[in-house]
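Colleague: Pasting the relevant annotations from Swiss-Prot:
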SIGNAL    1-26  signal peptide
CARBOHYD  ASN39  N-linked glycosylation site
CARBOHYD  ASN108  N-linked glycosylation site
ACT_SITE  CYS127  active site, nucleophile
SITE      ARG143  site 'Important for enzyme activity'
SITE      ASN288  site 'Important for enzyme activity'
CARBOHYD  ASN310  N-linked glycosylation site
CARBOHYD  ASN334  N-linked glycosylation site
CARBOHYD  ASN356  N-linked glycosylation site
Amino acid sequence: MQGTGHPVRPVLELLLLLLLLAGVGGSTTASTPGPPLFNVSLDVAPERWLPVLRHYDVELVRAAVAQVIGDRVPKWVLALIEKGALKLERLLPPPFTAEIRGMCDFLNLSLADGLLVNLAYEYSAFCTSIVAQDSRGHVYHGRNLDYPYGSILRKLTVDVQFLKNGQIAFTGTTFIGYVGLWTGQSPHKFTVSGDERDRGWWWENLVAALFLRHSPISWLLRTTLSEAESFEAAVYRLAKTPLIADVYYIVGGTNPREGVVITRNRDGPADIWPLDPLKGVWFLVETNYDHWKPAPEEDDRRTPAIKALNATGQAKLSLETLFQVLSVVPVYNNYTIYTTVMSAASPDKYMTRIRNPS
């Protein structure tokens, strides 16, 4: 949502910001733990995740897989995937299925379970994403990822630097055992996050779309980070590629006005909403609802985020203040697994913090 552009007197601005941040509980980037950081080389075999997996308790990862599948996957889907796992493996795009198979072999999981847990994570990811431009034209991007099973997933959250030819090709935040990305950065090119767009009948749509060779949401995000050479190329790919489900893609670039929220249907874009600072639209806030519709009263994270951004002000926007905005309750809540702030023009400042670590 855009800034109002209304001037706020300095004292009132400070008081309002302090009130909005009162629910943060003193949370700062310095006092909040970050996840482990690993390198994954895309130049080696699909078993490339094994050096990372060796840092984790296999039983913890297996327990997470069992819990997510047990709670999130209907029995009819489980039976269908178990019967058709090998066929599905051939239909889905490389390198993802080969990576999943490599993980399954190491973790002693069936291929069906590996595929299902990766698909289950595509569902029920309630999130807040913000892309914003400061008064000097710098673009910042932040996101909270909210998800159940926090007691396990916080222990399995990692930052990953994906390497090509020994160099960092892109960076992302994910869970151990999950090959997709909901959050990532291509250095000096663009940043991207994904927020779920719940349209109902999710598993039916997913199964039908899979057999049409449509892409899982998080796999397209990772592929775009790997292959798109510019902000514009990323937006085009994310807007046009057929998907297994609806989603919001939030993209930030390196130049002024390079920021959009793409509202996706499975077959293409429903809406593309750009930054327009010259008209007062210096930030965009996307949760899990179409931006042109009112947020539901029972889950309005949008309005508190907008108030916090306006209280912060465009001139004071930074990665640190964006982190504070994402720490305002209920933008930050009991389901928040992690917060990431990033700016493609300053890729070394990519930062993830685990939330609710206790």
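Positions of Cβ are set from backbone N, Cα and C atoms, glycine also.
Neighbours and distances for these, please.
Modeller: Cβ neighbour count for ASN39 (N-linked glycosylation site): 13 (other Cβ atoms within 10 Å of its Cβ, all protein chains included).
According to DSSP, ASN108 (N-linked glycosylation site) is assigned to coil rather than to any helix or strand. The Cβ of ASN108 (N-linked glycosylation site) has 8 other Cβ atoms within 10 Å, all protein chains considered.
Proximity of CYS127 (active site, nucleophile) to non-local residues of its own chain (separation of 6 or more, Cβ distance below 8 Å) is seen for ARG143, ASN144, LEU145, ASP146, TRP182, SER193, GLY194, ASP195, GLU196, THR287, ASN288, given in sequence order.
A simple way to gauge crowding: the CB of ARG143 (site 'Important for enzyme activity') has 28 other CB atoms within 10 angstroms, across all the protein chains here.
In the three-state DSSP reading, ASN288 (site 'Important for enzyme activity') counts as coil.
Following the DSSP three-state reduction, the secondary structure of ASN310 (N-linked glycosylation site) is helix.
When Cβ atoms from all protein chains are considered, those within 10 Å of ASN334 (N-linked glycosylation site) total 10, not counting its own.
Around the Cβ of ASN356 (N-linked glycosylation site), the same chain contributes GLY150, ARG154, ASN334, THR336, ILE337, each under 8 angstroms and 6 or more positions distant in sequence.
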Colleague: Determine, to the nearest whole angstrom, how far the Cα atom of ASN310 (N-linked glycosylation site) is from the Cα atom of ASN39 (N-linked glycosylation site).
Modeller: 38
Colleague: To the nearest Å, how far is the Cα of ASN108 (N-linked glycosylation site) from the Cα of ASN39 (N-linked glycosylation site)?
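Modeller: With the alpha carbons as reference points, the distance is 23 Å.
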Colleague: What number of additional C-beta atoms lies within 10 angstroms of the C-beta atom of ASN310 (N-linked glycosylation site)?
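Modeller: Total other Cβ atoms inside 10 Å, all chains included: 22.
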Colleague: For a quick check of packing: other C-beta atoms within 10 Å of the C-beta of ASN288 (site 'Important for enzyme activity'), how many?
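Modeller: Its Cβ shell of radius 10 Å holds 22 other Cβ atoms.
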Colleague: Reduced to three states, what secondary structure does DSSP give CYS127 (active site, nucleophile)?
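Modeller: DSSP call for CYS127 (active site, nucleophile): strand.
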